[in-house]
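Okay, structure first, notes after.
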């Protein structure tokens, strides 16, 4: 079409690309060089078809880190130029920062996962007949599809496909401000490929119940849920991305929590792949391949997004991260383990429900309130035009007793006139903040993020510990020998 | 992050969504209703697992048409609101139109292809044991992966994956104005999943040579190209999307040419699937499943994009369309047939090379020149600051002789001072335009688009005819019995 392309006037085009600081510059050259070397060494190693492609995955993750770090820095001005920008309101100096940079991280991740396919399936592609010569006869045999694990490949591709769809829809969300009630279902659409392939490929729809419960209900402990299991997986796939998206609002917290959860999942996987003969080991290895590059790109993004943020990550990143967790848990069949790691997110969601369902008034934003004088964050407040009664009052009183919220009363001290908002972050400020001159709790944004990450780490450690130490007691066995969890 | 979300001020938000015209309104209700009915009837039909899912594909394509038609209309203002807009310079009334609406068509297509997975693979999912009861024993047998064609599924998923990656990169291109030399490689990145799965799955790397040529060169007529074949496929996958992207610049031409090519490919497929026992029939059926919904969304888009355009389609659509053609040709192994349909695109590309390589000066835009007085298009001109010499002069003279370009000479009639630009569209104006009062050729934009589509249709018909009538003469046989073309 004969059109003035939506090209930007030169005035608002960035004059030049931001440059890396010198130490980072040298770090990335040396680091990515050695990672490339590692990858090359892996691919050159004659017998590498016999060993696991874990070193290749590690090398790729390192490359992902460097690439994401640089690209986020370099592409920031382009994103701002396209209107993907926002102002950080919790700073003295109000500056426009590029928004939606999670897209860059997710793009690098996708690309790395594509490049990884030949590494992951290399042993099936070429069979060396000794001495590094390709044995064309055996290779031919292979190409007939007799040995190549097409089901594994279909699983790998469908997971990637779902992730890409998530990123795509996340970007559309960031671009077009999709409504909240539609947003909720983005992960559901995106999980279709994953679930379809799960259906034709794996289709394990049983869950293991605690033995005592099974005895009590007189049902077998291995309960086949049938299609209900698909409903369960769909709920998980919707919950994960959205739960990360709502525990947000502080510099670095979206990426920070994802880093901690990802590391915990990785630690759990490593427990299994230490024992290659374990029946669940292959699916956990599969999960490692998806998590390592994720941690690589997330770490790079975190360095830009941590307090004081240089970029924002956008909904794209939150959906992407949640979908990575949910999809490895679904394909690896360890969804319950994942839930033990998401305790803060689950708590935050449940804690929020009274406001989400408008039992308690819900302001447009429930982020902590920034005080420019002290450069600190205070818990934000929702005020009541009429004093709460009935259920609302009951909930407020219970939460006050649990120290989840702080209530403000009128002069007579009888009617509640305000309450802190019902989010984990506000509650956390009430718990760990220092008192200001008026006795109100406040905390610096950087500390808030780090302490929340600490909380996440503690929860993950406790969850994983409980999962492996107490599972035997509750379920009669840890999942040795069944591969089902 | 604490951010002012990039939300639009209410003033530039569209007041209301555009409404469908009443006839269209009723048409879409009745049409999509009957398509839903067809789909439902297919899925309810007891023996449907035994028949091909072609009716389901047809019904889905109809739904795609209605959905795309409505969504393009309804989402236009949102796109304009996000800065995805352009002015149609070839109109008297300069109006801002939504740009990049091909994204909507491509999104609907992707979604339909996801929904189609269960239809396409249904016969493997459930085997009826007579009387409509599901035979759970046989089903179980199935789930063990003994019958399910994972390789087909991997192929389907990888094709979709490549298409999605194309759309994603196309959108980034429309958003961020990627440079021309980077743009060229978008399809290459996007084709990685397709090529990887082709490698592990199909890996037919032979092409059939004409018998006389093979005899002359003393090589077997079935020539195995090995990895060169992958280079060939990559070139095809880069060429197709870009060739559609450069034959552009007139309302409706991008979608129009794609519609014609898609229909021709579909006609070619139908020639094969008439004979279900033909070895190439399954892969042509596969191609039909990808083409039908494509034609559905394209037709809907064309109705909005044809002269006078209400929307622009963006690079997203061009890449998407080219990738659909290239990927069905690659997976169906009929790339040479595809090339016979792309004669205008190939001609346009080769014809453009003297300007692309700057042998002849190349202005920033080579679109036809719009004359507001007559509301007509004239061939656009490139002027020479110094008279062309040597190779440039030779090319100009040859092309003038072939009537490809029209040259303007100085008063002495010796030095060339200007030439029409080297594109098919400008050449076409010289060929079919009517003469104005000065003897210059001009044409109305609507007629230009329709006549170019006619040219494309003639080329496709001739190409397909040649493919099937003369192939036997040249290659010694039509591809009956080999499945290789």
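Cβ atoms are placed via backbone N, Cα and C, with glycine included.
Feature annotations, courtesy of TrEMBL:
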type	residues	note
TRANSMEM	A:21-43	transmembrane segment
TRANSMEM	A:55-79	transmembrane segment
TRANSMEM	A:100-125	transmembrane segment
TRANSMEM	A:153-172	transmembrane segment
TRANSMEM	A:184-209	transmembrane segment
TRANSMEM	A:255-273	transmembrane segment
TRANSMEM	A:285-304	transmembrane segment
TRANSMEM	A:316-335	transmembrane segment
TRANSMEM	A:341-360	transmembrane segment
TRANSMEM	A:448-470	transmembrane segment
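Most Cβ pairs within less than 8 Å of the transmembrane segment (A:55-79), among stretches A:21-43, A:153-172, A:184-209, A:316-335, A:341-360, belong to A:21-43. Among the stretches A:255-273, A:285-304, A:341-360, A:448-470, the one making the largest number of Cβ pairs under 8 Å with the transmembrane segment (A:316-335) is A:285-304. Sequence-distant neighbours of the transmembrane segment (A:255-273) (same chain, 6+ residues past either end, Cβ-Cβ under 8 Å): 244, 247, 280-281, 284-285, 287-288, 291-292, 294-295, 298-299, 301-302, 305-306, 313, 317, 321, 324-325, 328-329, 334, 337-338, 341-342, 344-345, 449-450, 452-453, 456-457, 460-461, 463-464, 467-468. Scored by C-beta pairs under 8 angstroms, the transmembrane segment (A:448-470) has its highest count with A:341-360, from the stretches A:100-125, A:184-209, A:341-360.
Nonlocal intrachain contacts for the transmembrane segment (A:100-125), taken as residues 6+ away from its ends with a CB within less than 8 angstroms of a stretch CB, comprise 42-43, 48-50, 53, 56-57, 60-61, 63-64, 67-68, 71-72, 75-76, 79, 84, 142, 147-149, 152-153, 156, 160, 163-164, 167, 170-171, 174, 289-290, 293-294, 296-298, 300-301, 304-305, 311-318, 320.
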